[in-house]
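> If you scroll down you'll find the structure; I have some questions about it.
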């Protein structure tokens, strides 16, 4: 008993330390100033920036590859504040004293949009949703915002030269300001591109005649050989490499620390629960015994997450081609982590349903401990067989895929149909059934309470 108390005390002392570690990992490299190297954003009145920026670009090279797709509009000078507006987002000013994000003022956004939207609309572009002006603060608001006081008048409708043709994006991103001034302005239709994170914007070009564009494999995804049979959504021959992600390095560090914290706490607490049970198994009888099996399922789940921490993220979610696992049954470590987390999760959900059912039998139908124990073998058949069938089905359909953020293999990370079929629907069914038993148990308790009150009143009279 003293050993158990000492262990719990040590765990309680470790929790504040782990929380502090999580905080520092999440904020470790925030606003680390570096010199601006994006050609478009040099000589703007400030020369330092930080990454990741507002759009989660990991470095300035990645930010430059996207912001330079606005290069034609800057060269046209459709708005005198467009360059300032773009750079304040893609290469935000870094100030070691003021450590908050300095966004452009809403007025700057409106000036840039008013000057360039007509031209963009003429050629089938939309203003990017992530740059909508309502997302930026007014000048009078807190936090602070940046504005460029140049006094230039706003372009008006019809101000563009007649017969002007919007030229394609430069095929090569300039590496210096001198080189950028030599960029050719070849006239012709806009070049189809698709950059960004799923948003339909200026950098998502429609095809001629107003037809919807064909989606292309764009960063962070890469094109792969047809024989690999990989796809992202409806885009064939496209995959997510192991060294790329939707998330910044800070977000991934925070996710790792967060998963470490809770998986460790879950493992320790469930291990102590099972240890207590094995010390005196007779103490845990039905209807509360399903708690023990519920704990064993969570022990399996937590061990699956801990295996990811021990082996490393890439060893789990990456395949032999250095791509994130997608609709597969391997590699072996990926499959093992999937078995532990998915089977443990589904089995734990069913044991929760059984716990609610046994409580209903005891509280609602007045079953004795022995009567419930006599049918316990059926509980085990249901709780272990159904998750086994689900797990085998996922393996048979090769529906395992990797999660770049949590670093584990599961089902439904990259396929919505698999997510619905193997996670959402089963969990919804288990939740509904368990809730019905819980509600029925509570109703029975209220009835018993009313009967007891009535009997007490009769005895008093």
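Yeah, the Cβs are placed from backbone N, Cα and C, and that goes for glycine too.
Any TrEMBL annotation is an automated prediction that lacks curation.
Under the heading disulfide bond, TrEMBL lists 33-94, 41-87, 78-116, 109-133. Residues annotated as region 'Disordered' in TrEMBL: 171-205. Positions annotated as signal peptide by TrEMBL: 1-28. Marked as transmembrane segment by TrEMBL: 257-279, 291-310, 330-361, 381-400, 420-446.
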> With CB pairs under 8 Å as the measure, which of the listed stretches 291-310, 381-400, 420-446 comes out on top against the transmembrane segment (257-279)?
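So the stretch in question is 291-310.
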> So if I measure Cβ to Cβ from residue 116 (disulfide bond) and keep only same-chain residues at least 6 apart in sequence, which ones fall under 8 Å?
73, 78, 79, 82
> Relative to the Cβ of residue 133 (disulfide bond), which residues of the same chain, six or more apart in sequence, are found under 8 Å away?
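Expected: 106, 109, 110, 113.
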> Please figure out which one of 291-310, 330-361, 381-400 racks up the most CB pairs under 8 Å against the transmembrane segment (420-446).
330-361
> Tell me which residues of the chain lie with their Cβ under 8 angstroms from that of residue 33 (disulfide bond), as long as they are six or more apart in sequence?
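When sequence neighbours closer than 6 are ignored, residue 33 (disulfide bond) has 48, 49, 50, 94, 95, 96 within Cβ distance under 8 Å.
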> Find, for the listed disulfide-bonded residues 41, 78, 87, the residue with the lowest Cβ contact count at a 10 Å cut-off, counting only other Cβ atoms.
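Fewest other Cβ atoms within 10 Å, among the disulfide-bonded residues 41, 78, 87, is found for 78.
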> Which state, by DSSP, holds residue 133 (disulfide bond): helix, strand or coil?
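The three-state answer is helix.
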> Counting Cβ atoms within 10 Å of each candidate's own Cβ, which of the disulfide-bonded residues 94, 109 comes out highest?
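Checking each of 94, 109, the winner is 109.
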